[in-house]
Number of protein chains: 2
Amino acid sequence: MSTENDDAQAKLIDLAAEFYDQFAGGQIPEMSIPTRTKSNIEYDEDERVWVYGDRKSTRSANSVRGARKLLKAVYTIDFLANQLEEDRSSTLRELYYLSESWDAKEAQFSDQDESNQLIEDLEIVSDVTREDFHMRPEESGATLMGPLHLREQTRRGERDIHCQEDVGEGGYQIPNNPDTIEFLDHDADFILCVETGGMRDRLVENGFDDEHNALIVHLKGQPARATRRITRRLHQELDLPVTVFTDGDPWSYRIYGSVAYGSIKSAHLSDYLATPDAKFIGIQPADIVEYDLPTDPLSDSDKNALESELEDPRYQTDYWKEQIELQLEIEKKSEQQALASHGLDFVTETYLPERLSEMGII
Amino acid sequence: MSTENDDAQAKLIDLAAEFYDQFAGGQIPEMSIPTRTKSNIEYDEDERVWVYGDRKSTRSANSVRGARKLLKAVYTIDFLANQLEEDRSSTLRELYYLSESWDAKEAQFSDQDESNQLIEDLEIVSDVTREDFHMRPEESGATLMGPLHLREQTRRGERDIHCQEDVGEGGYQIPNNPDTIEFLDHDADFILCVETGGMRDRLVENGFDDEHNALIVHLKGQPARATRRITRRLHQELDLPVTVFTDGDPWSYRIYGSVAYGSIKSAHLSDYLATPDAKFIGIQPADIVEYDLPTDPLSDSDKNALESELEDPRYQTDYWKEQIELQLEIEKKSEQQALASHGLDFVTETYLPERLSEMGII
């Protein structure tokens with residue numbers, strides 16, 4: 001078993017040991033975790049990420065319902081500890097189904113929400129990430145293309161891969177747990193996270209990664225944890241600036257927000273997933289005006305989402321206030337690919353160079 | 001320009017030349033295409049794919065509406081011919097936006113449905129596929145893992161990639177146009193197309209591709225054209241049997257149907273995309289019973305979908321009739337990952353070996 005597995009396993013077993021000690025000491029076993037309601041999650045202005053407040057909830061065996069929850073936790077800890085022992089992994093859905101094979105009927109999950117929630121609880125209490133429990137997501141599938149040479153530790157041995165020279169046009173497929181990657185060498189000047197596949201392919205076709213020494217990370221809409229994790233690691237370990245290029249609508253600003261500041265749901269993972277220094281490239285409402293882009297009108301739900309972003313602590317900057325208010329005024333949104341109305345090279349020859357140099361990146 | 005580009009370009013220019021000749025001969029220009037309503041699409045029992053019937057629709061310049069359609073076709077042909085000349089490519093959405101830069105306002109598309117439809121018309125009339133026009137999809141992203149050594153022709157030169165030894169755990173990313181791939185060498189005995197990412201990862205983790213010489217193609221739900229294309233090519237060129245492993249519900253049977261028999265929408269592409277010899281592994285309704293899998297009840301829309309499959313010419317076999325009727329009787333459906341209720345190795349050590357040997361594949 002690797003040291004990382006050892007460490008994650010030890011923390012899990014500590015948890016179970018606590019229950020044991022509580023029993024042995026004549027106490028009713030309980031597990032205390034931060035309350036995960038919105039009122040107990042706050043935005044830390046200094047760290048620029050979401051964190052939990054001080055309120056705690058207690059799962060105690062003093063009720064049948066609470067005792068059953070702790071029983072499920074113990075069975076799950078046992079499963080995870082074995083999984084790490086054998087250096088294997090599984091999906092959240094497999095865990096849910098697998099519980100049907102457990103001998104104690106009471107320990108089986110009644111639906112998948114319950115098992116998902118328990119894994120999140122265990123993440124928080126043990127301070128071990130889901131990835132370190134070896135729980136995989138159902139689908140991941142984002143890719144990376146650019147001047148980066150890396151080594152991935154796979155079950156079949158090490159793979160040394162250069163993310164331009166050793167991959168096809170589809171790029172390098174980011175694994176479910178990017179912490180299996182070691183960065184060997186690179187010629188990159190910055191990271192460019194891109195929302196849509198169409199734009200990612202345009203940048204690769206136009207050789208933008210090559211010409212500007214950019215690492216192009218495809219976000220595929222709302223990015224998976226693996227995508228946010230590798231972005232953070234590239235930023236921290238290689239000291240590269242991170243930029244985010246999305247459509248110009250409130251849902252895409254949330255994609256930027258999730259890369260930069262994390263989400264309420266993953267407030268316990270901000271240190272692991274968020275990149276608060278990430279900068280937003282566009283499409284900005286100001287670009288819609290300046291570049292006279294083809295647009296669609298804002299729908300009511302777009303307007304509501306913008307209004308709620310005006311209240312969201314993550315967007316309390318002069319920059320975002322100005323952009324969001326401008327968008328509410330012009331009542332228009334625009335897509336990344338709308339830049340093609342000025343020709344297929346406009347994005348790589350004009351728009352991105354202009355924006356990136358305004359931002360001081362190139 | 002490559003020979004393929006030359007060829008596609010010539011066919012497009014032939015189309016435009018036809019309009020020119022019609023003009024020169026004093027005729028009103030027109031374009032004739034197979035009628036694409038359901039009543040003119042039939043299932044060819046011998047070829048086991050969808051084909052068009054004999055009815056044709058004519059787009060003629062004898063009305064303002066028809067003339068405008070032909071104008072748009074001519075501008076699009078011009079754009080595509082240039083794109084091929086320069087060996088570039090674009091997405092359907094870029095084409096739509098790009099039309100805003102065309103000098104003739106009348107040639108601009110009013111919405112993306114219109115440009116999508118026109119590209120399909122041109123595919124049918126010119127007998128050139130969208131991929132050979134160099135039109136890319138918005139998102140693709142399926143992957144392949146297994147004992148296959150291939151060469152991909154990228155814009156940056158050739159890349160020789162072994163789909164086990166030269167890739168990370170994420171596998172080889174299938175490019176948008178898999179016809180840029182040459183198969184160099186392989187040790188595969190069969191192809192295993194898998195619906196969900198969770199199951200694909202399970203098979204890779206358990207080393208199923210290695211142990212059984214399987215090429216694992218991740219379908220990612222309803223498969224993209226690129227995924228269906230590479231599956232057909234692997235079958236045809238390497239003479240490998242194709243098997244499809246999905247969830248056990250009517251929507252997943254349609255995923256199988258689209259790999260095997262193509263879809264009504266792409267009836268003109270059956271020769272290019274479909275693999276009528278593909279075999280369905282499961283989850284079969286019979287498996288739900290035999291392996292006592294965890295299930296969910298059928299919803300009304302599930303039942304309706306099953307009923308309509310009973311009428312669908314693609315499922316008119318004893319096998320499908322029996323399975324679908326059994327499912328309507330037990331009123332249950334089950335997921336691939338439900339096999340985990342018998343342990344994480346059950347799928348690779350018991351279920352797949354049993355099914356594949358029943359089917360005569362291994």
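Using N, Cα and C of the backbone, Cβ positions are placed for all residues, glycine too.
Since we're looking at a predicted model, the values are computed, not measured.
Residues or ranges marked as active site, O-(5'-phospho-DNA)-tyrosine intermediate in TrEMBL: B:Tyr97. In the three-state DSSP assignment, the secondary structure recorded for B:Tyr97 (active site, O-(5'-phospho-DNA)-tyrosine intermediate) is helix. Every protein chain shown contributes to the tally, and the Cβ of B:Tyr97 (active site, O-(5'-phospho-DNA)-tyrosine intermediate) ends up with 26 other Cβ atoms within 10 Å.
Cβ neighbour count for B:Glu195 (Mg(2+) binding site): 24 (other Cβ atoms within 10 Å of its Cβ, all protein chains included). Feature annotation from TrEMBL assigns Mg(2+) binding site to B:Glu195, B:Asp247.
As annotated by TrEMBL, domain 'Spo11/DNA topoisomerase VI subunit A N-terminal' applies to B:68-134.
Residues or ranges marked as domain 'Type II DNA topoisomerase VI subunit A all-beta' by TrEMBL: B:138-187. Break the domain 'Type II DNA topoisomerase VI subunit A all-beta' (B:138-187) down by DSSP state and the numbers are 3 helix, 24 strand, 23 coil.
Positions annotated as domain 'Topoisomerase 6 subunit A/Spo11 TOPRIM' by TrEMBL: B:190-356.
Rounded to the nearest whole angstrom, the C-alpha distance between B:Asp247 (Mg(2+) binding site) and B:Tyr97 (active site, O-(5'-phospho-DNA)-tyrosine intermediate) is 38. Annotated pair B:Glu195 (Mg(2+) binding site) and B:Tyr97 (active site, O-(5'-phospho-DNA)-tyrosine intermediate), C-alpha to C-alpha distance, rounded: 33 Å. Proximity to chain A, defined as a C-beta distance under 8 Å, is registered for the following recorded positions out of B:Tyr97, B:Glu195, B:Asp247: B:Tyr97. Confidence in the domain 'Spo11/DNA topoisomerase VI subunit A N-terminal' (B:68-134), given as mean pLDDT, stands at 91.
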